C-alpha cells in the first residue's frame with residue numbers, strides 16, 4: 001500500500017536537506033508520483049518512473065518532466081486494436097469498473113477505435129454488481145467484451161457471465177493481464193459461484209499487459225540477453241519476492257546513465273566551462289539539456305526497445321490466454337514497429353474458429369422441397385392426362401345421343417377449366433429457389449388469374465348447361481323455344497367477364513407484390529456460430545383482405561346458383577340431362593375442401609412445404625373429382641346401356657314408336673315444354689278413363705243381369721244403354737305420331753247393326769227390321785261381341801291387354817255360332 005504522506009515527506013526532505021539531485025528515479029504509487037511529477041517543473045528535475053502505469057501521467061502539459069520506462073495502462077489499447085483487426089472483429093462492447101484508472105483506459109480506447117471502422121456497440125460500467133451490465137451486453141448481442149476491472153470484480157464478472165451463458169465458443173473476453181498468478185483463488189470465496197463454473201466461464205479469456213522481459217535472444221546494452229539477465233536476477237534474488245517491474249527498473253538505470261552521458265557530451269561540445277556538477281534547481285538551462293537528452297533515449301534493453309514518445313515508453317505488449325487453469329502467452333505487440341505477432345497454434349478458441357463479433361444472421365429462404373414439387377407435379381400431370389382422355393372421349397363420341405344431350409361443347413369448357421386449375425399448381429410451386437424476384441412477382445399475378453379463370457370456366461359451363469335444363473322443364477313460357485349452345489357460351493363469357501373486371505381492377509389499383517416475411521432466429525442445425533433467420537416469400541398487396549373478399553363472394557354466389565339449379569332439376573327423369581346429383585356432389589366437395597384448405601394453408605403460412613402440399617392437393621382433388629363426376633358416369637353408361645340414359649325413366653315407349661327426327665340438335669331441342677304438357681295431360685286422361693271404365697263396367701253388369709231376368713226390358717236397354725255402349729266404343733285414346741301432335745282411337749261402328757250382324761238365314765229377312773233388331777237373340781249376340789271389343793279397346797291403355805289385337809278375340813268357350821261371325825267393325829289402337 002502507498003502512504004502518500006510519507007512519500008511526499010521523503011521527497012521534500014531530500015530536496016531541502018540533501019545535496020542537489022540531477023534527476024528523480026522512482027515513483028510507484030500513482031497518487032504520490034502524480035503529485036511529485038506535477039511539482040518537478042519548479043525544480044528543473046526530470047523524473048523517471050519504472051512502475052507508475054496510471055494513464056493520468058501521460059498528460060505532458062501537466063507533467064512535462066515525467067518519463068517512465070514501463071508502458072502506460074493506455075499502451076495496451078493500440079495492441080487491442082491490432083488484435084481486433086487481426087481477427088476482423090468490428091463490433092465490441094466495453095465493461096468497466098467505476099474507478100478512475102479503468103475509466104481512463106476505456107476513454108482512451110474509445111479514441112483509439114474511433115475512425116478505425118470498429119464499433120463500440122455498448123458501453124457498460126458498474127460499481128459493485130456487474131450482473132446487470134452483463135445482461136445488457138448480452139441483450140445488445142455483444143460477443144467481444146473488452147473489460148477493465150480488478151481481480152475481485154473479475155471473479156464477479158465471470159460468475160455473471162456463467163449465469164448468462166456468455167462464455168464458450170460464441171464469446172471472447174479481453175481483460176487486463178496484470179493479475180497475479182492464480183488470482184481467482186483469492187476471491188472465489190467472496191462470490192456465490194462454484195469454482196468449476198467460474199473456471200468454465202474464464203476458459204479462453206485473453207489478458208493484455210506489458211511484457212516484463214523481452215523474449216528476443218538478443219544482447220542488450222548491458223551485454224546480456226534478457227534470458228541471461230533473468231537468470232542472474234533470480235540467482236541474486238534468492239527466495240525474495242519477485243516484481244514484474246524489475247526489468248524496467250534495470251532498464252531505467254541505463255536510461256539515466258545514457259541521458260547523463262549525452263548531456264555531458266553536449267556540454268563538452270558546446271560549453272567546455274560548464275559541467276553537470278554545476279546543476280542546481282534554478283538552472284533551467286541544464287534542466288532543459290537533461291530533458292532533451294532523455295527524449296533521445298533509444299536502445300535495446302532487457303524489456304525490449306527503449307524509446308520514449310512524449311515521455312511514454314513505446315514498449316512490448318504481450319497477450320496471454322487462460323487455458324486449463326493457467327495463462328499461456330499467445331502473442332505480442334511491438335509498439336515501436338506497430339506489429340502483432342501471434343505464436344503459431346498457441347491460441348485456442350473453444351469453437352472451430354474465432355468467435356464472431358456479433359450474431360451472424362444468415363437469412364435463409366424457406367423454399368419448397370424439390371422432391372415434393374416433383375411428386376405433386378407428377379400427380380398434376382396425371383390429372384391433366386386424365387382430363388385429356390376425357391376431352392378425347394367427349395370429342396370422339398360427340399355424335400352419340402348421350403353425349404349430344406349432355407352438351408359436348410359445355411363439357412369441353414369444363415375440361416378446359418380443370419386443366420387451367422391443374423396448370424396453376426406448377427406456378428404455385430415456383431419460389432425464389434427456382435426463379436428470380438422479378439419473375440416471382442409476375443407469377444403472383446399469373447397464377448391468380450389462371451386459377452380464377454379456370455374455376456369460373458369449369459363451374460360456369462356446368463351451371464350454364466344445367467340452367468338450360470331448368471329453363472326447359474320449369475319455365476312454361478319457353479314452350480317450343482330452342483336454347484342453343486351459343487347462348488350458353490354467352491352466359492359463360494359473362495361470368496368470365498366479371499372475373500376479368502375484378503382481376504383487372506385488382507391489378508391496376510392494388511397489384512400483387514413480392515413481400516418477404518422474416519421469422520425469429522433459429523440456431524444453426526450444423527452447429528456453426530451463426531443464427532438462421534428464416535424468410536418466406538409471399539404474394540400480397542395493401543388491401544389483400546378486401547380483394548380476396550370480393551373474389552370469394554363472387555365465387556360463393558356462383559356456387560349457390562349452382563346448388564339452386566341442381567335442386568330445381570333434381571326430378572328431371574332423363575339421365576342424360578339430369579346432372580343435379582353430380583353437381584351437388586361437386587359443389588359439396590369443392591366447398592368443403594376449399595374451406596379446409598384455406599384454413600390449413602393460413603395456419604401453415606410459415607411452412608411453405610406444408611402450405612404448397614395442401615393447396616396443390618386441394619386443387620388436384622377438386623378438379624379430379626369434378627371431372628370424374630361429370631364424365632365417368634357418361635363413359636360407363638355409354639358402354640353399358642346408352643339408350644336408357646336418353647329415355648324417360650317413368651314412361652317407356654313401345655317398340656313400334658316412331659323414331660324422332662335424326663336432325664336433333666346438340667342443344668336437346670326435342671325436349672320442350674310441349675312434351676311436358678302433353679305428358680301431364682296423358683296422365684290425367686288415363687286416370688279419368690280408368691274411373692269411367694269402372695262405372696261402365698257396373699252398368700254393363702247391370703244390363704247383363706237384366707237380360708237374364710226378362711226379355712221385356714229390351715226397350716229400356718235400347719233406350720237407356722245403347723248410347724252408352726256407342727260412347728264406350730267411340731272413346732278416343734292418345735298416341736304419338738311422327739310429328740308428335742295427334743293421337744286418335746276411332747271405333748268404326750256400322751250405323752246399321754242388324755244388317756251387319758244379321759244372319760244369312762233367308763227365313764229371317766222377311767221380318768220387321770225393328771222387331772228383328774230388338775229380339776232377345778240379337779241383343780244377346782250383340783252384347784257377346786261388344787263386351788270383348790270394349791275390353792280390348794281400353795285395357796291396353798291401363799296395361800291389361802296388348803293393343804296389337806285389332807279384332808275381337810273371342811273366348812274359346814264361346815258358342816260356335818259366335819266364332820264364325822265376321823267382324824262388323826275395325827278398331828285401331830295405339831299404345832300410350
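Here the Cβ of each residue, glycine as well, is placed from N, Cα and C on the backbone.
The transmembrane segment annotation in TrEMBL falls on one of the ranges 325-346, 347-368, 413-434, namely 413-434. Among the ranges 609-632, 633-656, 657-680, 681-704, the stretch that TrEMBL annotates as transmembrane segment is 609-632.
Of the listed segments 246-267, 268-289, 290-311, 488-509, TrEMBL assigns transmembrane segment to 488-509.
In TrEMBL, the feature transmembrane segment is placed on 370-393, out of the ranges 202-225, 370-393, 514-537, 706-729. Checking TrEMBL for transmembrane segment across the ranges 468-484, 570-586, 587-603, 740-756 points to 587-603.
Cross-referencing 138-159, 160-181, 446-467 with TrEMBL places the feature transmembrane segment at 446-467. Long-range neighbours of the transmembrane segment (488-509) within the same chain, counting only residues 6 or more positions beyond its ends whose Cβ lies under 8 Å from a Cβ of the stretch, are 407, 409-410, 413, 445, 448-449, 452-453, 456-457, 460-461, 464-465, 467-468, 547, 550-551, 554, 558.
Across the candidate stretches 446-467, 587-603, 609-632, the maximum count of CB pairs under 8 A to the transmembrane segment (370-393) is reached by 609-632. Counting Cβ pairs under 8 Å to the transmembrane segment (446-467), the stretch among 413-434, 546-567, 587-603, 609-632 with the most such contacts is 413-434. Cβ atoms under 8 Å from those of the transmembrane segment (413-434) belong to residues 365, 367-368, 373, 376-377, 380, 383-384, 387-388, 390-391, 394, 440, 443, 446-447, 450-451, 453-462, 492, 537, 608, 612, 615-616, 619-620, 622-623, 626-627, 630 of the same chain, restricted to positions at least 6 beyond its ends. For the domain 'G-protein coupled receptors family 3 profile' (372-654), the model's average pLDDT works out to 79.
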